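Annotation comment: Swiss-Prot describes C166-C190, C180-C241, C232-C245, C338-C459, C370-C380, C453-C463, C535-C546 as disulfide bond, evidence class similarity to another entry. The N-linked glycosylation site annotation in Swiss-Prot covers N272, N284, N335, N341, N386, N454, N498, N501, N517, N522 and is backed by sequence analysis. Summarising the annotation, Swiss-Prot assigns region 'Important for neuraminidase activity' to 228-233 and lists similarity to another entry as the type of evidence. Annotated region 'Involved in neuraminidase activity' per Swiss-Prot: 228-233, in sequence order. Taken from Swiss-Prot, the feature region 'Sialic receptor-binding site' covers 393-398, and the record attributes it to a curator's inference. The topological domain 'Intravirion' annotation in Swiss-Prot covers 1-25 and rests on sequence analysis. Sequence annotations record features per position, and here Swiss-Prot assigns topological domain 'Virion surface' to 47-571. Annotation comment: Swiss-Prot describes 26-46 as transmembrane segment.
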Amino acid sequence: MEDYSNLSLKSIPKRTCRIIFRTATILGICTLIVLCSSILHEIIHLDVSSGLMDSDDSQQGIIQPIIESLKSLIALANQILYNVAIIIPLKIDSIETVIFSALKDMHTGSMSNTNCTPGNLLLHDAAYINGINKFLVLKSYNGTPKYGPLLNIPSFIPSATSPNGCTRIPSFSLIKTHWCYTHNVMLGDCLDFTTSNQYLAMGIIQQSAAAFPIFRTMKTIYLSDGINRKSCSVTAIPGGCVLYCYVATRSEKEDYATTDLAELRLAFYYYNDTFIERVISLPNTTGQWATINPAVGSGIYHLGFILFPVYGGLISGTPSYNKQSSRYFIPKHPNITCAGNSSEQAAAARSSYVIRYHSNRLIQSAVLICPLSDMHTARCNLVMFNNSQVMMGAEGRLYVIDNNLYYYQRSSSWWSASLFYRINTDFSKGIPPIIEAQWVPSYQVPRPGVMPCNATSFCPANCITGVYADVWPLNDPEPTSQNALNPNYRFAGAFLRNESNRTNPTFYTASASALLNTTGFNNTNHKAAYTSSTCFKNTGTQKIYCLIIIEMGSSLLGEFQIIPFLRELIP
């Protein structure tokens, strides 16, 4: 029986069809231009002596048919352009959905009667395939999206099973065919360097009998091999998942103090149970970076590359440090007046990247870039963000939405609102020298933090605080001009609604300037930590759903339990 387990979008030759059709169209248009030129040439060189041009009537008799022919040719060219630009791409998307659906039906139907287990194709229900990693409402939408009630779904996230256990650091990645998920299982307590194992799973979205989505786990692997993987980030790729971790042998503070880089590991886990793990060595990092950490949030698969968000500490006096130390980003809140003049504020913003607590390292954000074709080698590169465009390095997440790249950065420094950027770097030409980003102006949502960088802080200061709480953009956040607020931008997720403590997890929808809709739990003092949100659409019913994963405090089994919450989002 044919194996569909490694099915990917690349297996459908839609790009080839588009290239052939567009080439033929261009050739056709060129032919029309040549014909038109030839006709005009003949008109100019008509033989007057022949008597054909002796009267206005005879001239009209010759020119009129030519004009009518030209009109027909122009109309034909316009129709061809319309078909290429609009009709053909829509039909290709429709055909793609039909093919995926047919493959799934075939695999779970008659073929399952022979050698296959029903439902074993790693592919979402057809209703969700084209509603993933898309903007879910129009760019012009300016309404107030609201959440429906919590939907009772079976949890795909296993919890701790002993009072001393702890599950933490969830990472979730969703692509058109399947999802990948991972978290850390700490065996004693919730300290960063406690001995731990790593849980990794992949699965699909299915439609429940109640007509809402459920997350079905198809494969799991529990990495319990004595390797203390930490801060892991996951990325879904065609046919499987990639896990990026560092190996902890000391505390985070000790990691920054030393110049001996911790071991970095990249693991490939495929639906056919293949598991390949490599220790990676990054060029131009030894002696320049004190520590390199996966940024927890999920990475992306883009143009043949696997990209993971990264942060760490640059060593003073090194080329990388010197390159970035003069750069700083200083967003402004229109309703906040900060102390000091502009020069003093700029100096405070520049110094906010260097943290005394972390041995005066410059805390830097970056992207790990690995060609998927080289998964059997350890060839990857680390590319830094331009610090003139992003805040101090922190945990983060990468997104591909409607073929655009975005980056969420945890607000660990003085700016308390969520940080979201458009990545403007072109990866089609290979690995870039630096990552260029454009901030999406927003003054929401806040996160708890210590003074002087608490939830209402918007003035430059030196601190490292906050909590990871990524956002999901519901429509295109593109500003109308550089650093101008987009009044129609809408996003969703969950945050900890407290000035300084990690308590009161709250679901929200927001614009760039205001919280639009919030709903929390009865106990506003309930302990919580990281939150991660992913929204998608059922293209059959046009309903939008948001999966919001929250580290919830537990008083019974472990300090934290990771809970997936599913809600319908009503525009």
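Easy rule for this one: first residue shown is 1, then count along the chain.
Glycine is no exception: its Cβ is also placed from the backbone N, Cα and C atoms.
Swiss-Prot feature annotations superimposed on the structure.
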residue : record                      : Cβ within 10 Å
C166    : disulfide bond              : 23
C232    : disulfide bond              : 25
N284    : N-linked glycosylation site : 12
N341    : N-linked glycosylation site : 8
C453    : disulfide bond              : 27
N454    : N-linked glycosylation site : 18
C459    : disulfide bond              : 21
N517    : N-linked glycosylation site : 15
N522    : N-linked glycosylation site : 5
C546    : disulfide bond              : 24
Checklist line | Tally of residues which DSSP labels helix, strand or coil - the region 'Important for neuraminidase activity' (228-233) | finding: 0 helix, 5 strand, 1 coil
Item checked: Candidate nearest C232 (disulfide bond) in space, where candidates are the recorded positions C370, N386, N454, N498 and distance is Cα-Cα -> C370
Checklist line | Winner by Cβ contact number (other Cβ atoms within 10 Å) across the glycosylation sites N272, N335, N386, N501 | finding: N386
Check: How big is the gap, in Å, between the Cα of C241 (disulfide bond) and that of N517 (N-linked glycosylation site), rounded to a whole number?
Finding: 34
Next item on the list: Measuring Cα to Cα, tell me the gap between C338 (disulfide bond) and C180 (disulfide bond) in whole angstrom.
Entry: 43
Item checked: Whole-number Å value for how far N522 (N-linked glycosylation site) lies from C453 (disulfide bond) (Cα to Cα) -> 27
Next item on the list: Could you state the whole-number distance in Å separating the C-alpha atoms of C190 (disulfide bond) and N272 (N-linked glycosylation site)?
Entry: 33
Margin query: Tell me which of the recorded positions C166, C180, N517 ends up closest to C370 (disulfide bond) in space, Cα to Cα.
Written below: C180
Notebook entry, point to check: How many Å separate the Cα atoms of C459 (disulfide bond) and N498 (N-linked glycosylation site)?
Noted result: 19
